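Below is one structure, written out as structure tokens; comments come after it.
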């Protein structure tokens, strides 16, 4: 009987000792499912060069067009890329000049011959070919009326979406 009591007591002590040492482990699995994107150009600087007040004899006069490209590469498993343009508007089809030259607004157009203007909120969609897409664009300054000397500046943001 004493032996049974000792064995029972030892078993209870072992159960208590092991249950006191139990610790939970939590496994957390995380990750992200992303849409693959193209390699996009960083900031693009388009210089209109030196322009003169006399280049703008009346409202609507424009500077020479300056061509530039937005070339996207590595567009794997994509059919189309949409570029949406946004910035501070000046009227319905132009961007505001935030520089100190007076009477100037900025125009962005497609170089495909359509003369499509890409003002605030407008977009252009291209088909991806060989994992690449290039937006061929042009920019110029346009007179709103009397032009005064100063610098020209306008920041236009392009947001890309893929399909």
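Using N, Cα and C of the backbone, Cβ positions are placed for all residues, glycine too.
Per Swiss-Prot, these features apply:
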type	residues	note
DISULFID	38-75	disulfide bond
REGION	138-144	region 'Involved in sialic acid binding'
SIGNAL	1-22	signal peptide
Counts of helix, strand and coil residues, the region 'Involved in sialic acid binding' (138-144), according to DSSP: 0 helix, 7 strand, 0 coil
Quick one: among the disulfide-bonded residues 38, 75, which has the most Cβ atoms sitting within 10 Å of its own Cβ? 75
For the region 'Involved in sialic acid binding' (138-144), what's the mean pLDDT in this predicted model? 97
